[in-house]
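Student: Here it is, the structure, as structure tokens.
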Amino acid sequence: MPKRNDIKKIMIIGSGPIIIGQAAEFDYAGTQACLALKEEGYEVVLVNSNPATIMTDREIADTVYIEPITLEFVSKILRKERPDALLPTLGGQTGLNMAMELSKTGILEELNVELLGTKLSAIDQAEDRELFKELCESINEPLCASDIATTVEEAINIADKIGYPIIVRPAFTMGGTGGGICDTEEELREIVANGLKLSPVTQCLIEESIAGYKEIEYEVMRDSADNAIVVCNMENFDPVGVHTGDSIVFAPSQTLSDNEYQMLRDASLNIIHALKIEGGCNVQLALDPNSYEYRVIEVNPRVSRSSALASKATGYPIAKMSAKIAIGMTLDEIINPVTNKTYAMFEPALDYVVAKIARFPFDKFENGDRHLGTQMKATGEVMAIGRNIEESLLKAVRSLEIGVFHNEMTEAIEADDEKLYEKMVKTQDDRLFYVSEAIRCGIPIEEIADLTKIDIFFLDKLLHIVEIENQLKVNIFEPELLKTAKKNGFSDREIAKLWNVTPEEVRRRRQENKIIPVYKMVDTCAAEFESSTPYFYSTYEWENESKRSDKEKIIVLGSGPIRIGQGVEFDYATVHCVKAIQALGKEAIVINSNPETVSTDFSISDKLYFEPLTFEDVMNVIDLEEPLGVIVQFGGQTAINLAEPLSKAGVKILGTQVEDLDRAEDRDLFEKALQDLDIPQPPGATATNEEEAVANANKIGYPVLIRPSFVLGGRAMEIINNEKDLRDYMNRAVKASPEHPVLVDSYLQGQECEVDAICDGKEVLLPGIMEHIERAGVHSGDSMAVYPPQNLSQAIIDTIVDYTKRLAIGLNCIGMMNIQFVIYEEQVYVIEVNPRASRTVPFLSKVTNIPMAQLATQMILGENLKDLGYEAGLAPTPDMVHVKAPVFSFTKLAKVDSLLGPEMKSTGEAMGSDVTLEKALYKSFEAAKLHMADYGSVLFTVADEDKEETLAFAKDFAEIGYSLVATAGTAAFLKENGLYVREVEKLAGGEDEEGTLVEDIRQGRVQAVVNTMGNTRASLTTATDGFRIRQEAISRGIPLFTSLDTVAAILKVMQSRSFTTKNI
């Protein structure tokens, strides 16, 4: 059926800020969909609240709104734009839930807006547990024994009937939010109570546990003519019980017999036909390893994380095809853009193995609960392609950037037998390393299979890796064995370790023996048809399919997996860098390992190499392509860390030179540069051991800010107030970066602001200054940022501009740099300089309309600001106010403290823009899902040093009409100052929560919590109590404030929205 001509304007809803369970894959899907619809001649209107995305660039849709995805704002936009249709299946759960709300409130009907793609009734059938159960029963597809509970008591009755263990799945939530596996009634009570609160329809599915079954996924497509295909099937390394987003996944499936494959394929197609899905859909199934019994786990009736992985694994662009199906086109009339010959009806065939491994945030959250279950915890993922399981798995392991280059980890090597067994049985993020170590220790794989329920086929592959290791140890420099090791994914570093030589020596011997990788094309058809996709992976075979062109080439290094501190913002900068290179007529080559992002869409760059971002893997591509040089500025710390080794190997680093990157990153060199430039910084020193750190802190004076050098996202950074805490830190956290010293700085609690600057070597452009709402001490990535600044005097602004110019020129910056300042007692100090693109680039690019990454790339390639029409200095400020707000994923991370400090904790960001600060703040809070009720109770439990400041806020809350609740000390202080306060009991370290503030939060008697810990390391009881209070507020979805500056901001909003009532 040809595309529809009765609709002209289509609105797409994006997925909002990045949280665990809903990450960059939706930027990739949304970008693809917008471009596909524009390609077919439709006018596209986009609504998304996340500025850090390519999707929200002006050129992706015809009209872009960066506004909160709430009923209030989306309705307003619908009324203003009057689109003919709405496409909701590309914005993750956020987009789907919004469409449901718009439909149920009658707005779509009122405005005569049609929903495209999968019908709402089908979405309801797939998402509503009861309706889905009825559907599966009607088509004879087996589900787990289950029932729906709307109360805790109902859940207990159902569990008693089915028998423990039980799986709890809240309805209409994403990434397994609020769910879990329960072995006891006590666990069930706790998980169901939380799950009911998080489910928008107050429903939980209580189902039998099939933990231990194989988990298989099918990515399927269907059109309105009922044509349906399987794009890709995938198999989880971990059995059922671990969320698929956290599991290691292989594509295509590896252990299924042909009968099993066909049986599950038929079931997936049966379901998609019955649901009448139009577009992409993900079906998850569980297969009993000992019989042909299977269960349908769930269906995602939309583009998902798995579809992004399937798209990159096969080269088949699922989101693009889904968008075309939504406008009435059928699979047999859409051309496959990979081959440009076959149609979209043609099922992809793979002649390689793809491995995906999740990237977890536990390097930042050492106290986080690492146990993996049905609730997702990964922030990102990596993908690797190889000709066998061993190769793809080991390439994926070294793509993770967790300090390992092989499937071995120091902690696992040092573990005793008891710990090995415990870590194998427990499903944790690092289980692969302990299972591998157990095999090295000689534990039979049959025993491991029995303990872990991991298929013996996968364990046999790990055993094969161990056998190659053992052969390498005793056959040093043997060329045939070296070739075998490389074919199975071994890195030069691992071989060097086994041979006790340097990686350079291994590389030299490889090249001498002509053991070099070839690059194979990802073509969707296992080379059956000729394909022209410039999408490659390395392997050690004969024929090289990546042909070098005659054009001048630039290699751009991506930023690898998404993690806290290095998010989608860096991918945004990478994509814009590529566009600028292409505009200058050069060939842009991207190297990256992240399947979720726009930069790894093969249609973006001239060539894409899906490879780990390690020296060896990058160098192999450079050897083949012989580029003019490499750009490292846009790939975050990942790319910056490769600058030095690449430069030493004779590779030209374009833009700011390696010695100048070093001057910004190395403490002593940076201090000298600041002295030479006459720019003040907070007093500080470096220390290489505990005694040196104590001596330095005593000299500088407490409080001090302490951190390792060369880190991103404030890793292992703390504010320390006394010697005892400092010694504790040095013993606990200093291993964060062993090769580099620890930095000890005077902690100035002033106003913080930051600047992104672009320099051509002579002139410096400052697109804007961002002012942070939270004072120094809260990581810049976790601070709310306001542009243009609202509280800086002209003298301070002039000083910031002057220091920025001096630094950019003094550090020989070519391209981009980011500088963070603190203003303390009217004096401007430089805290740090990052000689690269920072996480604020997308936000500032959007609000100033200056394409910063593209401009910086033009500088790197030799152009200058003046010729491009830009004046040096601070760019003119617009008349709107823009606020960037951090977004956190604490609901997914049990035992992670939400108290904000110098270590970054946010996973994403949202933006609010309006004509006044108050309105922009309101939008940013709404977009970040920090919604304050118009009235209710606010609970204060604050540190002694914060009580004076809290008094003014308490008065303001009372004035608006809020009731005040506080713990004893805070309550007494507020009462003394004439306020009416209801006093609640502290926990005092006890287990009994009855009558305490925690019970108040749990029972919904409190609408907001203000909890500060002050600057001294609190006593264990106070610290534990504070942690439990914060956890309770987060799990109940109650706004929590751990910084008084954020409280001041939200009060500004509430005051601007409330009327004053005074008697005459």
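Each position is counted from 1, following the chain as shown.
Keep in mind that glycine also has a Cβ here, set from the backbone N, Cα and C atoms.
Copying in the features that Swiss-Prot gives for the protein in this structure:
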- Arg129, Arg169, Gly175, Gly176, Glu208, Ile210, Glu215, Gly241, Val242, His243, Gln284, Glu298: ATP 1 binding site (BINDING)
- Gln284, Glu298: Mn(2+) 1 binding site (BINDING)
- Gln284, Glu298: Mg(2+) 1 binding site (BINDING)
- Glu298, Asn300: Mg(2+) 2 binding site (BINDING)
- Glu298, Asn300: Mn(2+) 2 binding site (BINDING)
- Arg707, Ser746, Leu748, Glu752, Gly777, Val778, His779, Ser780, Gln820, Glu832: ATP 2 binding site (BINDING)
- Gln820, Glu832: Mg(2+) 3 binding site (BINDING)
- Gln820, Glu832: Mn(2+) 3 binding site (BINDING)
- Glu832, Asn834: Mg(2+) 4 binding site (BINDING)
- Glu832, Asn834: Mn(2+) 4 binding site (BINDING)
- 133-327: domain 'ATP-grasp 1' (DOMAIN)
- 930-1064: domain 'MGS-like' (DOMAIN)
- 1-401: region 'Carboxyphosphate synthetic domain' (REGION)
- 402-546: region 'Oligomerization domain' (REGION)
- 547-929: region 'Carbamoyl phosphate synthetic domain' (REGION)
- 930-1064: region 'Allosteric domain' (REGION)
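I'm curious about the neighbourhood of these features; can you describe it?
Tutor: Residues near Val242 (ATP 1 binding site) in space but far in sequence (CB under 8 A, at least 6 apart, same chain), listed by position: Glu215, Asn236, Leu372, Gly373, Thr374, Thr427.
Gln284 (ATP 1 binding site) counts 20 other C-beta atoms within 10 Å of its own C-beta, drawing on all protein chains shown. According to its DSSP assignment, Gln284 (ATP 1 binding site) is in a strand.
In the three-state DSSP reading, Glu298 (Mn(2+) 1 binding site) counts as strand.
In sequence order, Ala126, Cys281, Asn282, Gln284, Ser306 constitute the residues six or more apart from Asn300 (Mg(2+) 2 binding site) in its chain with CB-CB distances below 8 Å.
Leu748 (ATP 2 binding site): 22 other CB atoms within 10 A of its CB, across all protein chains. Classification of Leu748 (ATP 2 binding site) by DSSP places it in coil, neither helical nor stranded.
Look at Glu832 (Mg(2+) 3 binding site): DSSP puts it in a strand.
In this structure, Gln820 (ATP 2 binding site) is part of a beta strand by DSSP.
Glu832 (Mg(2+) 3 binding site) is surrounded by 17 other CB atoms, counting those within 10 A of its CB over all protein chains shown.
Taking H, G and I as helix, E and B as strand and the rest as coil, DSSP gives the region 'Allosteric domain' (930-1064) the counts 62 helix, 22 strand, 51 coil.
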Student: Restricting to the region 'Carbamoyl phosphate synthetic domain' (547-929), report the mean pLDDT as a whole number.
Tutor: 93
Student: Have a look at the binding-site residues (Gln820, Asn834) and report the one with the fewest Cβ neighbours inside 10 Å.
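Tutor: Output over binding-site residues Gln820, Asn834: least Cβ neighbours within 10 Å is Gln820.
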Student: What is the interatomic distance between the Cα atoms of Glu832 (Mg(2+) 3 binding site) and Gln820 (ATP 2 binding site), given in whole Å?
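Tutor: Each residue's Cα considered, Glu832 (Mg(2+) 3 binding site) and Gln820 (ATP 2 binding site) end up 5 Å apart.
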Student: Could you round the CA separation between Asn834 (Mg(2+) 4 binding site) and Gln820 (ATP 2 binding site) to a whole angstrom and send it over?
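Tutor: Computed Cα spacing between Asn834 (Mg(2+) 4 binding site) and Gln820 (ATP 2 binding site) is 9 Å.
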Student: Within a 10 Å radius of its Cβ, which of these binding-site residues (Glu208, Glu215) has the fewest neighbouring Cβ atoms?
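Tutor: With the binding-site residues Glu208, Glu215, fewest surrounding Cβ atoms within 10 Å: Glu208.
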Student: Let me know how many other Cβ atoms fall within 10 Å of the Cβ of His779 (ATP 2 binding site).
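Tutor: So the Cβ neighbour count for His779 (ATP 2 binding site) comes to 23.
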Student: Closest to Arg129 (ATP 1 binding site): which of the binding-site residues Arg707, Leu748, Gly777, going by Cα position?
Tutor: Gly777
Student: Which three-state DSSP class does Arg129 (ATP 1 binding site) fall into?
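Tutor: SS state of Arg129 (ATP 1 binding site) = helix.
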Student: A 10 Å Cβ contact count, applied to the binding-site residues Glu298, Gly777: which residue has the minimum?
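Tutor: Fewest other Cβ atoms within 10 Å, among the binding-site residues Glu298, Gly777, is found for Glu298.
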Student: Does DSSP give Gly777 (ATP 2 binding site) helix, strand or coil?
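Tutor: SS state of Gly777 (ATP 2 binding site) = coil.
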